[in-house]
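S.K.: After the structure tokens below, expect a handful of questions from me.
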Amino acid sequence: MAAVRERSAYANLTLPAELRRAKLDARDAALATELTYGTLRAQGLLDRIITLASSRPVEEIDPPVLDLIRLGAYQLLFTRIGAHAAVDTSVEAARTAGLGRAGAFVNAVLRKISARDAAAWVEALRDGVTDPVARMAIGTAHPEWIARAFADSLGAAAGELPELLAADDARPRVHLAARPGAISAEELALVTGGREGELSPYAVHLDSGDPGTLDAVREGMAAVQDEGSQLVALAAARAPLDGPDGGRWLDLAAGPGGKAVMLGALAEIEGGTLTGVEVSPHRADLVREATRDLPVTVHTADGRDPGLEPGFDRVLLDAPCSGLGALRRRPEARWRKTTADIPELVSLQRELLDSAMRLVRPGGVVLYATCSPHLSETVSVVREAARRDDVETLDVREILADIGGAVGGRPDGLGEGPWVQLWPHRHGTDAMFMAALRRTR
Ligand SMILES: C[S@@+](CC[C@H](N)C(=O)[O-])C[C@H]1O[C@@H](n2cnc3c(N)ncnc32)[C@H](O)[C@@H]1O
């Protein structure tokens, strides 16, 4: 938690190393994970409760002390850990962390918090709040602006907001992608003890376990990849072109390379090639490493002007975005983003999409995707591009129907088209958005 607070670390990347360093057994590691992720996810809600209970704004509490109070409050309100144990271990932790003088304060605040349960605190915070989305946001520990952005994107289905917010808090299953041409989903399910996914023909779901230890993953036959992301790569590879597919494919924002691996493997099967573009040198290296045995060339360049010869048959633009559609995988992310982040991302998305339209050949397809359902980043960006007179919009629902998952076939709940918004509560995927634009001349 200190690493997340002090150096904006990602909890899901930092915690596994900390757990190994602490040499915790499996049970304690599971508890430490639940406490860390749970506390980070609920942080905004916990802070409002701590403010009420301590009669001071959290900004005035020494940050390491605040970490301990948040952790204690999470245990009191959201776990079955006994109140005495939660309070006493928090006070003890203050002492061992050299914050002994804060022990009395930690003790007093936590005792006050323990006097009510989570539902009673939520009701106290909702006092005087009548707006239903604001009330839901408080109850599910989401920033209000994010709950509102979800409701806007759900549109007529905004009644599903409670399910969506709950799905955002549920621990996501691990999804694996079988590498096309290397192993089938059926074989991968067999060797990993997982289940085939229903939407992507390459997906396998695991209920638990560390995917990094699986032979198939270590040997590069499979990778960890959300099933929604697999569909994005597949839609880019399968969208109907006007004219033959010359096998010249482009991934214009490729780092760290998940979709480039899937696209590169499909290109290889079809005798084509993939060009990857990524602005961050480190992330470009990750793409090179992930695709090293595939017909993929990676350029470290700005996708807005990458200096490439136009004429690509297919361009995937998996645009840099707010990531609001993948909050369930990043416990701390919801409290880190603000509405102020959106406009800058939207301008970048527009410019990258312009560039993609310049680089694709007439008759070729640009697949625009985001791991965010925020309408400014999705429909607004795409509508503007679709207004050009050399662009026709394809129906992504048709493209996905043709892909057909191993088990299911056409996924349900894809909305009115022509674009598709996937949802964790409907599809079990991250909230990926996809639109397919074909250049006409
Ligand atoms: C959503 S991620 C792409 C994820 C990737 N497709 C995958 O499946 O692993 C967007 C990427 O775009 C990169 N990016 C941001 N601005 C860019 C730009 N101007 N040109 C090219 N890449 C950019 C980011 O560094 C980030 O790696």
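Cβ coordinates are placed from backbone N, Cα and C, and glycine is handled just like the others.
Sharing the record's features from TrEMBL:
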DOMAIN    150-440  domain 'SAM-dependent MTase RsmB/NOP-type'
BINDING   A253, A254, G255, P256, G257, G258, K259, E278, D302, D318  S-adenosyl-L-methionine binding site
ACT_SITE  C371  active site, nucleophile
S.K.: Are there any residues at least 6 positions away along the chain from A253 (S-adenosyl-L-methionine binding site) with a Cβ closer than 8 Å to its Cβ? List them or say none.
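M.R.: Sequence-distant Cβ neighbours: V277, E278, V279, G303, L317, D318, A319, P320, L352.
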S.K.: Roughly how many Å lie between the Cα atoms of K259 (S-adenosyl-L-methionine binding site) and C371 (active site, nucleophile), rounded to a whole value?
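M.R.: Cα-Cα, rounded: 13 Å.
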S.K.: In whole Å, how far does the CA atom of G255 (S-adenosyl-L-methionine binding site) lie from that of the residue listed as 'active site, nucleophile'?
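M.R.: For G255 (S-adenosyl-L-methionine binding site) versus the residue listed as 'active site, nucleophile', the Cα atoms are 14 Å apart.
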S.K.: Between G257 (S-adenosyl-L-methionine binding site) and the residue listed as 'active site, nucleophile', how far is it from one CA atom to the other, in Å?
M.R.: 15
S.K.: Same-chain residues six or more away whose CB lies under 8 A from the CB of C371 (active site, nucleophile)?
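M.R.: Residues satisfying the criterion: G228, S229, D318, C321, G323, L324, G325, A326, D430, A431, M432, F433.
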S.K.: Please find, for A253, A254, G255, P256, G257, G258, K259, E278, D302, D318 as listed binding S-adenosyl-L-methionine, the greatest distance between any two Cα atoms, in Å.
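M.R.: The S-adenosyl-L-methionine-binding residues span at most 19 Å between Cα atoms.
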S.K.: Between G255, G257, K259, D302, which of the binding-site residues has its C-beta surrounded by the fewest other C-beta atoms within 10 Å?
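M.R.: Checked G255, G257, K259, D302; of these binding-site residues, fewest Cβ neighbours within 10 Å: D302.
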S.K.: Please work out the mean pLDDT for the residues of the domain 'SAM-dependent MTase RsmB/NOP-type' (150-440).
M.R.: 95
